[in-house]
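First up is the structure itself, then whatever we jot down about it.
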Amino acid sequence: MKSYKTQEHQLTSTACLPEPDVLIIVVEDDTDTAHLYQTILATRYQHVAICHSGSEAVARLVSHQGPAAVVLDYHLPDMTGLDVMATCRDLEHPIACMMVSADHLSDHETGYGEAVRLTKPLGCQTLLQWTTKLVDKVQTAAHGEGLGGHAPEKLLIGQSAAMQHLRTLIPRLAQSRSPLWLHGESGTGKELAARSVHYCSPRSSGPFVAVNCAAFPEALIESMLFGHVKGAFSGATRDHKGFFEAADQGTLFLDEVGDMPLPFQAKLLRALQTGTITPVGSTRDVRVDCRVITACHRDLTQSVREGAFREDLYYRLNVLSLDLPPLRERRGDALMLADHLLNSLAREEHTAACPLDEEARSWIQQHDWPGNVRELENRLRRALLLCDGRAITVRNLMLNDNEYLASATAPSQAPSGAGIYFSPGRMTLRQIEDVAIEATLEACDGCVERAARQLGVAASTLHRRRRRQAA
Ligand SMILES: Nc1ncnc2c1ncn2[C@@H]1O[C@H](COP(=O)(O)OP(=O)(O)OP(=O)(O)O)[C@@H](O)[C@H]1O
């Protein structure tokens, strides 16, 4: 095969947005324009490559094994942008294109709606806005395991009655514009369900924006969600659009909504009632049309009783609801999920998809999965890297040697509990506690507050115990 030299630059992202695992390719023969686009896109994305010809772009896309978003000049020296698109149409990994040209492009030239079409010169905001949409589109397709579809049965794996029921409800609830509340423990697939609702909805061609409300300091949440105007506070050197505006015509998923500070809850309620937001520092209301989906890993009725969450907002958000069952209540799904996740993790980690041995398969069916599907995913990722290309064993699935040793010496009738077994007489009480703390923290992705809740102690106690462990 002919070898093509591709000029690729890896620039470090300076933005605080999450970095998706998507390659952005700028296909543009004018060097200055290509570098300008690359500089703008590198403020948000880590991997931005430049190709100066159609053949270079085709070679890059064929050899790249993951999702890609392509900013494609129509008039290239060796072919048209449409030719590049046609060559890549049958590739297995998801690719989305926007076609850019100085002239107005016809339907034929943009593949009859297959690509977004934009006219040069392209402003910074327009470039970023449309690239975000392309990235979101290919990421969701990649989540669908290369099947190319966004249908719930392709995104949400599981044959249990609960999962089948969920998959029939999603397309129905997706037709409504009313707020939707997703109930479920951490790691049960709430964000995946929210994506699925979005892609079954009439607003599927709009953006899907997911925001973890617990990730922002209290002082910043209003500006992150509603945006701000230049001069609103020290450091606000330019106007900034918030996540509500970014999700205009699409879906806004607010995760961990229970962590929203009380003063901001009143503003969110007003935004939902009026369909308008007011950016920080502005006196002008901005109309936004997005469907809001919310989730929280804990039951907020207690927070409502304690006055930490507004009752009127709770009912406003809880118009429609969906329950994501914990994995321990649908154990039959665990193996199916494991096989599915192993394939996608192997692709992500560029390694062979090793099978699970019999003992590992039966352990997966018996384990309680306190961290749900995310725990399964984390254990499988670690196992894949530890199994040296052989079948995955129970030991590979265990979080650490302490946990494995504890389980290996456990009496066979040991209760499953959180999946950690202890052998009386072989470990001191302190060692048992240390193992339980480490395993629970790992299962909770290091979140001390969640681990403390699972262990039935205050977070401050857990912090103290960890300091003692480290000493
Ligand atoms: N039914 C499912 N089929 C396939 N993958 C799943 C399923 N449920 C969850 N996952 C995967 O498990 C991981 C965790 O899912 P997700 O982030 O949607 O959970 P969550 O409930 O939103 O978690 P949290 O409350 O901690 O934010 C993701 O990688 C997701 O793709």
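Just so you know, glycine gets a Cβ as well, placed from its N, Cα and C.
Taken straight from TrEMBL:
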type: DOMAIN; residues: 23-135; note: domain 'Response regulatory'
type: MOD_RES; residues: ASP73; note: 4-aspartylphosphate
type: DOMAIN; residues: 156-385; note: domain 'Sigma-54 factor interaction'
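Cβ-based neighbour count (10 Å, all protein chains) for ASP73 (4-aspartylphosphate) stands at 27. Note on the domain 'Response regulatory' (23-135): DSSP counts are 44 helix, 29 strand, 40 coil.
Note on the domain 'Response regulatory' (23-135): mean pLDDT across this stretch is 80.
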